[in-house]
Amino acid sequence: MMPSFCLAGTLMMALFLSSLRPESLDPCVEVDSNTSYQCMDRNLNKIPDNIPSSVKHLDLSFNPLKTLGSHSFFNFPELKLLDLSRCEIETIEDKAYQGLHQLTTLILTGNPIQNLSKGTFSGLANLQNLVAVEIKLASLDSLPIGHLVTLKKLNVAHNLIHSFKLPEYFSNLTNLEHLDLSNNYIQTIYYTDLQTLRENPQLNLSLELSLNPIDFIQPGAFQGIRLHELTLRSNFNSTNVMKTCIHNLDGLQVHRLILGEFKNERNVERFDRYVIEGLCKVTIEEFRFTYANEFSEDITDFDCLANVSAMSLANVYLKRLEDIPKYFKWQTLAVIRCELKQFPPLELPFLKRLIFITNKGATSFPEVNLPSLTFLDLSGNGMSFRGCCSYTDLGARSLKHLDLSFNGVISMSENFMGLEQLEYLDFQHSTLKKATEFSMFLPLEKLLYLDISYTNTKIDFNGIFFGLTSLNTLKMAGNSFKDNILSNVFTNTTNLTFLDISKCQLQQVSWGVFDTLHRLELLNMSHNNLLLLDLFHYKQLHSLKTLDCSFNHIETSKGIMQHFPKSLAFLNLTNNPFACICEHQNFLQWVKDQRLFLVKTEQMTCATPVEMKDSLVLDFRNATCYVQKTIISVSVISVLVVSTIAFLVYKFYFHLILIAGCKKYSRGESIYDAFVIYSSQDEDWVRNELVKNLEEGVPPFQLCLHYRDFIPGVAIAANIIQEGFHKSRKVIVVVSRHFIQSRWCIFEYEIAQTWQFLSSHSGIIFIVLEKVEKSLLKQQVELYRLLSRNTYLEWEDNALGRHIFWRRLKKALLDGRAWNPEGATEAENNQQETTTSI
């Protein structure tokens, strides 16, 4: 029974644990440590208990909270942003937000709130931004926010509001800057609706009324009203309604007026000049007109807008824009995506900023006269310039900002004469011609920003950037250099702080390229073909903070890693084919040690060897190299030892045989008195002199001679050792010129040395048969040294010399010989008998 009971308990526990949702255990994601938590869409029906009191940003959106009880967030006194979007909240009890004194942003979007009592928003002493979009709000009166005196932005868009009447409590909201009433059901605007604003002229309110179906504005409704911004987009269902309503804006003072429609909300079929004429009684500082399909040809009469400081036309279909009077006080003109067929010939003495972008119909730049112009943006038009760039080409002497990016072919024929005030210059994604034929930027000593990225420029002239002594930002990505080598083109740009040379097909970097860029903070060399990370190139970049070498062909580094500038904070080496081999062990270990300093080390993968392909560089283990080094070291040492032994065995094979023989014959008696080593060229002397005087003399000596005593059929070397050395007491070495030149003689002599060492007594007798030149004798170093230090016999072919020679030789041979008196007497008698008979 017990096992069954345990099994049932285990199954019940498993079922219980499986029924728990993961989010119920740890429902929120910690975005920033103890300050930001994301609990979106976790099926929560209450505030989680495990959120710390230090939280500042809390996202509870898309959870079925249903109800917010009193003091729901009392535990989060540091909270600054609270997102309760689409939490199905129907009821918010009084003091629900009590204790949130630091809260600045509250988002209630998409909650079907049934009732908002006076105490709903109590406790929000510092609230600045309230988002109450799509909460089924019927009127502004039902929103109890009169006490939120710190409120700056109120967004009640997409509700059920029909009346534009601003409640009296707005007079308390003295800090309110933006009111968004867009996408409601406001149809009419009356004079009394704005009475609160008239009574509180200190308000500087921006009012968003777009997407309300306005069909009537009471004449004079905006009389005496001053606004920072008024936006009316896609409000009118016909041209006539729009004209009437615009005319009834008379008396309004507004800093910025925005009219028009949205891209996907087009109601007005055609715009004519009467729409613009309705603005003559409105005081406007800036005017923007957006998204208009059809414009009458006579709408170019902008006299009612002559005194605005900024004029903007965006996505307005204009066939032409010309004949703008000189007296217009426009300081800014922006024409954006208006499909103009040609650039307007402008002559506006007050104009300071001209933005003419993405108008694909205008392909050339006409003559203009804009003496006050400081900002010119002509990007994205597809224009071509046959000659550029000087004052006569652009009609402006005071230019500080020039943007010619995303255009066609720009032929550089002049070096910006008359444009010496330029501080910003952008050519990116236009095609530059003749850019490297001369120092085209030479007069631009004040230029701070230059972008020639993707201009099809091949840089083969080191003086291209001469004159740019103040430049701090240089972007030249997507171009190329001669022979794909980064040359010394930055010697004059000593104030650079930002340099982008990515996608330039670079394979090498010349020495000293960056040596003058001591202020450089960011260097982008990504998407090139560099093979090595050569640290010496960056040694002089004392201010460098960011280096991007990603997407190259870098396998390892070159140089000492400490040569990196100490100021460097971010290094990106991702997407390089690293070689994770022991040869690069130091670099790979450095990557591990600097993982916090390197960008996205988890994306740094190995390309080689095959077994580590696509594995992380961080997974490389140094222990593998130590094992391999140990194996290699042991293998090398073993091979060396075996080779040495083999060599020694080969070289001293006969010496070893001699040693073995010495052990074998050490206890036996010698057969011969001496083994004679000599050259075959000296054999006559050996037979006629040496043998005759020693073997036939008194006392007689028995010599071992190879021609007489060696055993036939046995190897010469074996005979030398076994018959010569092992069976002889002494060794006689007959030294001559022939002896020194004979390899066999030298071999026999070396064996004799070993034999003498093993026998532990002086057993070698040297006979110098003839005078031998020292130079020849020195070829055999050991023999020369031995003859220099030891006594030897020298053959002299005269009576006295012979007598002394034979006496000394016999005495040497008798040394160590066992004495036999009878044998000696018999030998002496035999010698006397022989003499008598003769």
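From the backbone N, Cα and C atoms, a Cβ is placed for every residue, glycine too.
Annotation note: Cys28 (disulfide bond) sits in a coil segment as assigned by DSSP. The disulfide bond annotation in Swiss-Prot covers Cys28-Cys39 (among others).
DSSP assigns Cys304 (disulfide bond) to a helical segment in the three-state reduction. Around Cys304 (disulfide bond), taking its Cβ as the centre, 17 other Cβ atoms fall within 10 Å, counting all chains. Feature annotation from Swiss-Prot assigns disulfide bond to Cys280-Cys304 (among others).
For the recorded site, Cys389 (disulfide bond), the DSSP three-state label reads coil. Spatially close to Cys389 (disulfide bond) yet at least six residues away along the chain are Leu402, Leu404, Ile410, Met412, Glu414, Phe416, Leu419, judged by Cβ distances under 8 angstroms. According to Swiss-Prot, the feature disulfide bond maps to Cys388-Cys389 (among others).
In the shown protein chains, 26 other C-beta atoms lie within 10 A of the C-beta of Cys580 (disulfide bond). Residues annotated as disulfide bond in Swiss-Prot, with similarity to another entry given as evidence: Cys580-Cys606 (among others).
The disulfide bond annotation in Swiss-Prot covers Cys582-Cys625 (among others). For the recorded site, Cys582 (disulfide bond), the DSSP three-state label reads helix.
Asn34 (N-linked glycosylation site) is surrounded by 13 other CB atoms, counting those within 10 A of its CB over all protein chains shown. Here Swiss-Prot flags Asn34 (among others) as N-linked glycosylation site.
Look at Swiss-Prot and you will find Asn115 (among others) tagged as N-linked glycosylation site. Remark: Asn115 (N-linked glycosylation site) has Thr91 as non-local neighbours, by Cβ distance under 8 Å and separation of at least 6 in sequence. DSSP gives Asn115 (N-linked glycosylation site) a strand state.
Marked as N-linked glycosylation site by Swiss-Prot on the basis of sequence analysis: Asn172 (among others). Secondary structure from DSSP puts Asn172 (N-linked glycosylation site) in a helix. Proximity of Asn172 (N-linked glycosylation site) to non-local residues of its own chain (separation of 6 or more, Cβ distance below 8 Å) is seen for Gly146, His147, Val149, given in sequence order.
Positions annotated as N-linked glycosylation site by Swiss-Prot: Asn204 (among others). Taking all protein chains in view, 14 other C-beta atoms sit within 10 angstroms of the C-beta of Asn204 (N-linked glycosylation site). The DSSP secondary structure for Asn204 (N-linked glycosylation site) is coil.
When secondary structure is read from DSSP and collapsed to three states, Asn237 (N-linked glycosylation site) falls in the coil class. Annotation source Swiss-Prot lists N-linked glycosylation site at Asn237 (among others).
Around Asn307 (N-linked glycosylation site), the same-chain residues at least 6 positions away in sequence with a Cβ under 8 Å from its Cβ are Lys329. As annotated by Swiss-Prot, N-linked glycosylation site applies to Asn307 (among others), with the evidence given as sequence analysis.
The N-linked glycosylation site annotation in Swiss-Prot covers Asn492 (among others) and rests on sequence analysis. Non-local contacts of Asn492 (N-linked glycosylation site) by the CB criterion (under 8 A, 6+ apart in sequence, same chain) comprise Phe465, Phe466, Gly467, Leu468, Thr469.
The N-linked glycosylation site annotation in Swiss-Prot covers Asn495 (among others), and the record cites sequence analysis as its basis. Secondary structure from DSSP puts Asn495 (N-linked glycosylation site) in coil. Within 10 Å of the C-beta atom of Asn495 (N-linked glycosylation site) sit 17 other C-beta atoms, taking all shown protein chains into account.
Asn524 (N-linked glycosylation site) is surrounded by 20 other CB atoms, counting those within 10 A of its CB over all protein chains shown. According to Swiss-Prot, the feature N-linked glycosylation site maps to Asn524 (among others).
Annotation source Swiss-Prot lists N-linked glycosylation site at Asn572 (among others), citing sequence analysis. Same-chain residues at least 6 positions away in sequence with a Cβ under 8 Å from that of Asn572 (N-linked glycosylation site) are, in sequence order, Ser526, Thr546, Leu547, Asp548, Cys549, Ser550, Leu598, Val599, Lys600.
The Cβ neighbour count for Asn622 (N-linked glycosylation site), using a 10 Å radius and every protein chain shown, is 13. For the recorded site, Asn622 (N-linked glycosylation site), the DSSP three-state label reads helix. According to Swiss-Prot, the feature N-linked glycosylation site maps to Asn622 (among others).
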How many whole Å apart are the CA atoms of Cys39 (disulfide bond) and Cys388 (disulfide bond)? 57
Under 8 angstroms, Cβ to Cβ: which one of 126-147, 446-468, 470-493 has the largest number of such pairs with the repeat 'LRR 15' (519-539)? 470-493
I need the most crowded of these disulfide-bonded residues: Cys28, Cys280. Count other C-beta atoms within 10 angstroms of each C-beta and give me the top one. Cys28
List of residues, in chain order, with Cβ under 8 A from that of Cys388 (disulfide bond) and at least 6 apart: Leu404, Ile410, Ser411, Met412, Ser413, Glu414
Do you know the mean pLDDT across the repeat 'LRR 12' (446-468)? 96
Integer Cα-Cα distance in angstrom, Cys625 (disulfide bond) to Asn237 (N-linked glycosylation site): 78
What does the DSSP secondary structure composition of the repeat 'LRR 15' (519-539) look like, as residue counts for helix, strand and coil? 4 helix, 6 strand, 11 coil
For Asn524 (N-linked glycosylation site), the closest of the recorded positions by C-alpha position, picking from Asn34, Asn237, Cys280, is Asn34
